[in-house]
Amino acid sequence: MTPTTPTTAPSSRQASTAATVVSKAPARSLTVGKALAWTAMVLIMLFTLLPFYWVLRTALSSNAGIAADPTSLLPVDANLRGFARVLGMQSTEEALADGGSGAAINFWLYLRNSVIVSTLVTVGQVFFSAMAAYSFSRLRWKGRDTVFAVFLGALMVPSIFTLLPNFVLVKQLHLIDTFLGVALPTMFMTPFAVFFLKQFFMNIPRELEEAAMLDGASKVRVFFTLILPMAKAPISTLAILTYITAWNDYFWPLLVSYTDSSRVLTVALAVFRSQAPQTGPDWSGLMAATLVAALPMLLLFMAFARRIVNSIGFTGIK
Amino acid sequence: MSTSSLLAPQAGRRRRARCDTALGLTFILPATIGLLAFYIWPLIRGIWLSFTEYNLLTPETFTGLANYKRMVRDDTFWNAVVVTLEYVVINIGLQTLLALLIAVLMQRLTQSTVVRSIVLTPYLVSNVVAAMLWLWILDNTLGVTNQILESLTGSAVDFFSSSLAIPTIAVINVWRHVGYTALLIFAGLQSIPSTVYEAGKVDGASEWRMFWRITMPLLRPILALVLIMTMIGSFQVFDTVSVATQGGPVNASRVLQYYIYDMAFGRFQFGYASAMAVGLLLVLAAITILQYRMTRAGETDLD
């Protein structure tokens, strides 16, 4: 590698402003390459986003309209009946007339179930993992590093391997088809969550803790009134990531929930799809259901995009 | 007086140390319950079940290596292995190339959070949503892709036919995961000091040359890590298959994980399903070991 002398090494900020100036000025050979690169970037972004638009466009169309004009960029015969059907606000006759299967569907219920399960998982996992992370990073006890190594080792256990025995266990606990049964395997911790929080807790200066303890605070008090508030940012980042993962989980809830009483959105969506007739499925309704299932996480993402995007570099280097 | 003042802090320190142990163990108690009940115990239980015949209703009976012998002779199992490998190769190949392209473009063109967020969007929806959305876009009769293809070439393509089902599912999952992988690689790119590029520029190196001479060699260890992490995930493909094709047509997309699921919950042969899960576990363990080797080799290469 060519060694850089200090004089030829401007700060990265200077370099990036220089780059933007170059790209704006109508200058030299760089422009063609840059234009090509930007074209590629825009194409990638279109490939990413257009499917979402197509779902929205379809959900807002009527089934007759879709059949009549399958490539129209705008909704055909725009209406909200697809959504009404999915949210159980249409009578069976109306649903059948619109091309629905007539089977009873009520996504409000599954939406509520998903909220309950994801909240249980997130609150439990983040809180218990924070407790464990505090113990691993801030408390001194014998065998601590060995136990932590075992926790980390669990990162290697692939989910397929735990799914079948976990199902047997949850069945023996008589928790099949309950919210607790769906939430339980991830409610106590994930090795990753413990590791993620431990990294942050270790960086909190020890002096603060010692000062609090001189004031007579116990270690339990330090955890609740000092560590948790100080690690608000990583804790909320982890909570958002956990919520999204729990919300999008499909395999485990599919195994555990049999009826409406515990069925979550992802499973309900798959069931809704399997009920659709093979000939002439209710595309408008199916896409409305897809949107209903995706929208909460897309909104959450819009609210916390920067935080989520920035945390991914960290989660990758685990 | 003087002795007691000498002893007091010592006693205090010892008491605090003892308190830490009690408190330390109390604080990891819930997490440890989770670890033992849902990681360690299932691991042992799964291996045990693979040597038994078990259908959930009657107690398991020990059958030794019967499940493994059956596995070796099971054509559907080997078909599942082949199909899974086909999926992994297409999915990982395409995803890594595309993610690398996106990451490099992001690094060299724009660091904007908006661009990064847009690329990540599909990762925020579930596999089920991704499968539904592409089922519609690729639908034979009314799907927009085939409508356009028909007007251009005069014939439609059956994206979920026996020859195309696996490539189609692989591409759907690339769409969902590529942004995440790109951001992992992007994070790796960020760790390459910009001075190296500036030096390259001063020496008159082209972007293409800088990519091959600077980016790729310095990125290698992180790329190896990302590659193997995504590979472990992609060996466990299930959701998309379950929603889009249910393993069909015939066995064309019956990947290993779907076959295991089908064996356990379709036919209640938990023993045999567990044996196949052990097989998959061994493959994943081999990949993990490979990851260790490759990343370590990459590190020494750098210094």
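Placement of Cβ uses the backbone N, Cα and C atoms for every residue, glycine included.
If you look up TrEMBL, you'll see A:35-56, A:115-134, A:146-167, A:179-201, A:222-244, A:284-305 marked as transmembrane segment. Per TrEMBL, the feature domain 'ABC transmembrane type-1' maps to A:111-304.
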Q. What residues in the same chain, six or more past the boundaries of the transmembrane segment (A:222-244), come closer than 8 Å to it by Cβ-Cβ distance?
A. 118-119, 121-122, 125-126, 129-131, 134, 138, 190, 193, 196-197, 200-201, 204, 208-209, 212-213, 297, 300-301, 304, 307-308, 311, 315
Q | Most Cβ pairs under 8 Å with the transmembrane segment (A:284-305), selected from A:35-56, A:146-167, A:179-201 | A | A:35-56
Q: May I ask for the residues of the chain that lie six or more residues beyond the transmembrane segment (A:115-134) and have a Cβ under 8 Å from a Cβ within it?
A: 151, 179-180, 182-183, 186-190, 193-198, 200-201, 223, 227-228, 231, 235, 238-239, 242-243, 246-247, 253, 262, 264
Q. Short question: which residues 6 or more past the ends of the transmembrane segment (A:35-56) have a Cβ under 8 Å from it?
A. 287, 290-291, 294
Q. So what's near the transmembrane segment (A:146-167) in sequence-distant terms, Cβ-Cβ under 8 Å and 6+ beyond its ends?
A. 132, 136, 185, 189, 191-192, 194-195, 198, 251-252, 255-256, 318
